[in-house]
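Participant: Got these off TrEMBL a minute ago, pasting:
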type	residues	note
TRANSMEM	A:6-25	transmembrane segment
TRANSMEM	A:37-55	transmembrane segment
TRANSMEM	A:61-82	transmembrane segment
TRANSMEM	A:89-110	transmembrane segment
TRANSMEM	A:141-162	transmembrane segment
TRANSMEM	A:183-208	transmembrane segment
TRANSMEM	A:239-263	transmembrane segment
Amino acid sequence: MAPALVWLTALMVVPCALVLALAFFRRGIYGGIDYTFTLENFGLVFDPLYAGIFLKSARIAGTATLIAVVIGYAAAYAISAAPRRWQPVFLFFAVLPFWSNYLIRTYAWIVLLNREGLITQLLRWLGYTGEPPSMLYTEGAVIAGLVYNYLPFVILACYAPLSRLNPELAEASRDLGASAATTFRRVILPLTVPGIAAGAVFVFVLSIGNFVTPALLGGGRFQMIGNLVYDQFLTANDWPFGAALAMALIAIMLLVLMVQALAADRASGRAAQTKGDADG
Amino acid sequence: MSEPRTLLAIDHVSKNFGRVTAVDGISLDIRENEFFALLGPSGCGKTTLLRMLAGFEMPSDGRILLDGKDIARTPPNKRPVNLMFQSYALFPHMSVRANVSYGLEMERLPAKEIRSRVDAILATTELVPFADRKPEQLSGGQKQRVALARALVKRPRLLLLDEPLGALDKKLRGAMQLELKRLQHEVGITFVIVTHDQEESLVMADRMAVLKDGRLLQCDTPHAIYEHPADRFVADFIGVMNFIPGKASADGVVAANGARIAGKVPAALTPGASAVASVRPERIRLFPSAETANRTTGTVEALAYHGLDLQLHVRTPLSPKPFLVRVTADAADRRPVASGDQVELGWDAADVRIFAE
């Protein structure tokens, strides 16, 4: 316990406190920091220009989450339905890209989506002669990059409850007269929601703060909050405003995590409560 | 009495998994309203056969006729057959009531009818106080009753039960055996139960089938199977049997030590062939009268007191294994025996069953 506490304090609490403190100061005229107290930085976060970037980031992260959950759940379902001895192999291949460098994986998408990239070449080979489609440096490219990079998390998070599911539950549902689709909707899906929620929160939190993928696949003009924070610290040299933006981002992430924790807690708490009632 | 109507006819059904034959050409008739048991050691194919009746496996060969209609290829949700799973397979996210209602909701019955039928079956299975609980808040016996209620509420033509008492402790099992029989009588549904417990099927079944290695060895009433087992395996598997190995003769078996065991020799057994004579422990008498056909002497090696009776292990020259002899409490009181005593054993020729070895 104690080593973990020291580690947490030194690497999490102190840096966050420093950044938080920074947000309450003024920017110096020549960059740097003017140590006079102000709330201006937080006011600026709600400026329509920056609030718009927050909203756009949330929308992109939300879209990426939705797509990743649909694909990831389907993949996890397929893996859990495969013969037992093959499942670790399929899981290994599903997670394999994750062991290569994030930047390399993102650059690979540039090679794919480029105007004269692999997809365009494939279209040409299939007989397409028109303008090459512009796919790189779009919102779609950013979403594709995010989905691709965080898919393994979703697959692992959804595989866990799916593989633990007693296969006789689905059989019992069929035996009682349910079609395969009804069995999925009323038995399999509700019992695997915790995995979906865990995977979704993971993708959303990692996506909304991401700055590498929008920078590489979205092009220079494309901004998400992560890029904004990055720019304030390293380009505009406005550390106090960067700190305020970072704090707002952390607040959003904490909110999402808290909602998930609360929902999970309520689900288990309700069961415990009815148990108490029944025993009493 | 007229012959009861056949409800389900299993007609030369086989099932192969790759190169493994799990069920090998089984034919059986299950009658309307009977309590039928499929009995056999693990791996005998009884569970595969049950899963084919439920619709989770398709036979590689043969027909399954329910009311004369072949249902071998009908999916499980389209046949009037319900299965009570060994693990019970209760839906953990649903209350007892929701679990029991599920099957009727699938039939798209009016809500009012669902409610009254669920209420009725919850009352029959004494589950009313637990209707709002989740499965995890129930004891093993209660879960078992929910699984039963969930299947019975559908009023199936045939209810299949896969080792229904396997997860219960011994005492509860005894009570549930009688409870199941009572329920079956009350609801008037044909039950097919799969079990590896021979005692369970003797107690519960009207008729039973003994399976081994995917084949049907014998199908009859528990009494007929116990008293007239079809072969050595059935004789050994059902109840306890004492075996005396030897060679067949015209009127019995000649044991390894030369003693003659009188009994009826099956026609298929030619004199001189390897054979075993067998006799049930409760058919052996201590200190028999002089005219008893089969007699031997032995040494009591061990005594086990069971309250109802006394079980003796008696070493005899007839077989390498000691004989098991059951003496009623009465007889034991009249003439007490102790470990190490020399005793005389005897049994009638009519109680001897002879099998090919």
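Every residue number used here counts from 1 along the chain in the order it is shown.
The backbone N, Cα and C atoms fix where each Cβ goes, and this holds for glycine too.
Curation plays no part in TrEMBL annotations; they are all automatic predictions.
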Participant: Count, for each of A:6-25, A:89-110, A:141-162, A:183-208, the Cβ pairs lying under 8 Å from the transmembrane segment (A:61-82), and report the range with the highest count.
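Facilitator: Of the candidates A:6-25, A:89-110, A:141-162, A:183-208, A:141-162 scores highest.
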Participant: Count the Cβ pairs between the transmembrane segment (A:239-263) and the transmembrane segment (A:37-55) that lie under 8 angstroms and are 6 or more residues apart in sequence, then report whether there are at least 3.
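Facilitator: When sequence-distant Cβ pairs are counted, the transmembrane segment (A:37-55) touches the transmembrane segment (A:239-263), since at least 3 lie under 8 Å.
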Participant: Take a look at A:6-25, A:37-55, A:89-110, A:183-208 and tell me which one has the most Cβ pairs under 8 Å to the transmembrane segment (A:141-162).
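Facilitator: Ranked by Cβ pairs under 8 Å, first place goes to A:183-208.
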Participant: Give residue numbers and ranges for long-range contacts of the transmembrane segment (A:183-208): same chain, 6 or more residues beyond its ends, CB-CB under 8 A.
Facilitator: 57-58, 60-62, 64-65, 68-69, 72-73, 76, 146-147, 150, 153-162, 165, 169-170, 173-174, 224-226, 249, 252-253, 256-257, 260, 263-264, 267
